[in-house]
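Feature annotations, courtesy of TrEMBL:
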DOMAIN    B:38-150  domain 'PurM-like N-terminal'
BINDING   B:Asp40, B:Asp85, B:Asp237  Mg(2+) 3 binding site
BINDING   B:Asp40, B:Thr54, B:Asp85  Mg(2+) 4 binding site
BINDING   B:Asp56, B:Asp85  Mg(2+) 2 binding site
BINDING   B:Asp56, B:Asp135  Mg(2+) 1 binding site
BINDING   B:Asp63, B:Glu281, B:Trp329  substrate binding site
BINDING   B:Gly134, B:Asp135, B:Arg160, B:Ser239  ATP binding site
DOMAIN    B:164-318  domain 'PurM-like C-terminal'
BINDING   B:Asp240  Mg(2+) 5 binding site
2 protein chains.
Amino acid sequence: MASADDEDPLIGDLSEGAVLRAILARTAPAAHALLGPGDDAAVITTPSGAVVATADTLVHGPDFRTTWTTGYDLGWKAAAVNLADVAAMGATPTALLVSLAVPRGTRLSYVTQMADGLREACAALAPGCAVVGGDLTVSELMMVAVTALGDLGGRTAVTRAGARPGDVIALAGELGVAAAGLDLLFQRFRDGETPVAIDSTKLDAVEQHALDRQLRPHPPIGLAPAAADAGASAMMDVSDGLTLDAGRMAEASGAAIDFSGAALDALAFGGDRQRALAGGEDHGLLAAFPSDAVREHGLPAGFQAIGVVIEGREHGVLVDGTPVVHSGWDPYRDWDGVVSD
Amino acid sequence: MASADDEDPLIGDLSEGAVLRAILARTAPAAHALLGPGDDAAVITTPSGAVVATADTLVHGPDFRTTWTTGYDLGWKAAAVNLADVAAMGATPTALLVSLAVPRGTRLSYVTQMADGLREACAALAPGCAVVGGDLTVSELMMVAVTALGDLGGRTAVTRAGARPGDVIALAGELGVAAAGLDLLFQRFRDGETPVAIDSTKLDAVEQHALDRQLRPHPPIGLAPAAADAGASAMMDVSDGLTLDAGRMAEASGAAIDFSGAALDALAFGGDRQRALAGGEDHGLLAAFPSDAVREHGLPAGFQAIGVVIEGREHGVLVDGTPVVHSGWDPYRDWDGVVSD
């Protein structure tokens, strides 16, 4: 009679080929792939002749913990954060490459659920995009390095550097909700066994939403091309916190960004302005739009005005004219260095 | 007075931005990049409208050990193995994305030397290709995940699956030399301090060459487009050993591959046929060419005939008509699981 172990073997007891087959059985066909997984490399169509490419890694410890993060959630998040970076250029994601390092003691189901999460995040956030290749290796530490590719569809890439004084600063997506979810994890689920069963009965609906968004971010990928078409002068995704990321846009653009406190309070999850400014991982789209375009056409769907670009790089980021103390997530400064299994 | 520690700080004592600036100061401009590092994503030109993409990760332990591998060598190898996968499709490498996970106790110089190795491997093996983006994170374990992109220049991608009975099997590059270098490391330099000073006076010129090739592989990237143009019906890089990789080509092509023992002996490093068949990491290009094209035009420059494609997938890989016992490097099966610092 088959034991649970036979049904869900350890990665270390399987050949590389067996693990890959189990993963590839769960990847979806990529609409843009001329050639998918299985050869030395994949081939992806890029009709415009320009491919957008970005890479982001999730490491056990600073970026996720198997205590809290299921394989599905890890796959979802690894896809979402990379899709958001492609979208932030005004492009449509076309393909993911996934380099996966897993300890030998990992169950196969963790890895196949990760493949499910990757597939479903693509389907939900960037239809037509899928995993076209990658790499699998054993490691003492779990790590997922994703590269996302995208197509600009003939558009010019929208960088962080184009914001000009007078531009309207607008945001699509949520603000502070992922940070609220992280606070919940640390406050309520820190000291449990591995994995911690996150007991939903201990959470109200608002808390459950925050936890969902922390574990499975929903960046508004599909809004990005329209923002580029609407003339966005600068755009980026808010991954490390609004203050830190807006500061990067301001610095790159040689200007300052002045947020409206009232607009932030209205958008901030739970009305928590401080968390909205400092909390990372929402992966909303922060964009600057020339004011005359906004006057004429309004902001593109899904974007809400939260500030203006002003003169003077030295002012950095402000709220209602008052400089904000630099805050946000820097893994080199902020992570406590403790790896919790 | 500045101490050595001040001059070469630990990664954990620096901000992410400071480490990135030190790395980016050492990357070269990418000839194919419309937009390089510094934004959410890079933009790379792909005039043919098809981008080749591959990912491969080096993990401390199974893939390299800081005992033996300098930062420079790690960067070189991480570039070379990925460039070889792009070349194996018949494409020209255009860009690398590098996701780097480093322990806090790593010296900055290790990382900047890695950037040097990445840059110089690109310059030597695939001029015009360079690092265009990536990701940096702290980790308990050092790991480098590289994605390489390439352009087919209007060619159709050469897969592993096109070899037909009667085709000539040819190889460009070395055979067994990287494995010989690995044997030297295990035999002579296993028990030293961290890092082991590899004393070159203990090595003769042949041994030094083997060690160089293990640490800094030189795949013949530039020969690949010409092989595609010469009508290669299948191509791949030999990363896991000739028998294992040729078996993959044979399987994908629904045929068998019969090597000439004499040809292998002539090419094998040190005349060691067994190591030539089983040893990995040379990253030479294994290709099949239709026999009439070979008769008419000869093999493309740098390729030497080492066998023929024959009928019968069930025969797998043979030498002079005798099946070879399956051998090669499978990290899931072969790695001893010991992480040596």
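Keep in mind that glycine also has a Cβ here, set from the backbone N, Cα and C atoms.
DSSP assignment over the domain 'PurM-like N-terminal' (B:38-150) gives 35 helix, 45 strand, 33 coil. Under the three-state DSSP scheme, B:Asp237 (Mg(2+) 3 binding site) falls in the strand class. Those binding-site residues from B:Gly134, B:Asp135, B:Arg160, B:Asp240, B:Glu281 lying by chain A, with Cβ under 8 Å from one of its Cβ atoms, are B:Gly134, B:Asp135, B:Arg160.
Sequence-distant neighbours of B:Asp237 (Mg(2+) 3 binding site) (same chain, 6+ apart, CB under 8 A from its CB) are B:Ala84, B:Asp85, B:Ala87, B:Ala88, B:Pro219, B:Asp245, B:His283, B:Gly284, B:Leu285, B:Leu286.
On the 0 to 100 pLDDT scale, the model's mean across the domain 'PurM-like C-terminal' (B:164-318) is 93. Within 10 Å of the Cβ of B:Asp85 (Mg(2+) 3 binding site) there are 28 other Cβ atoms, across all protein chains. Of all the binding-site residues listed here (B:Asp40, B:Asp63, B:Gly134, B:Glu281), B:Gly134 has the Cα closest to the Cα of B:Thr54 (Mg(2+) 4 binding site). Ranking the binding-site residues B:Asp40, B:Asp63, B:Asp135, B:Asp240, B:Glu281 by C-beta neighbours within 10 Å puts B:Asp40 at the top.
Among the listed binding-site residues, namely B:Thr54, B:Asp56, B:Gly134, B:Ser239, the Cβ with the most fellow Cβ atoms inside 10 Å is that of B:Thr54. For B:Asp40 (Mg(2+) 3 binding site), the nearest neighbour among the binding-site residues B:Asp63, B:Gly134, B:Arg160, B:Ser239, B:Glu281, judged by Cα separation, is B:Gly134.
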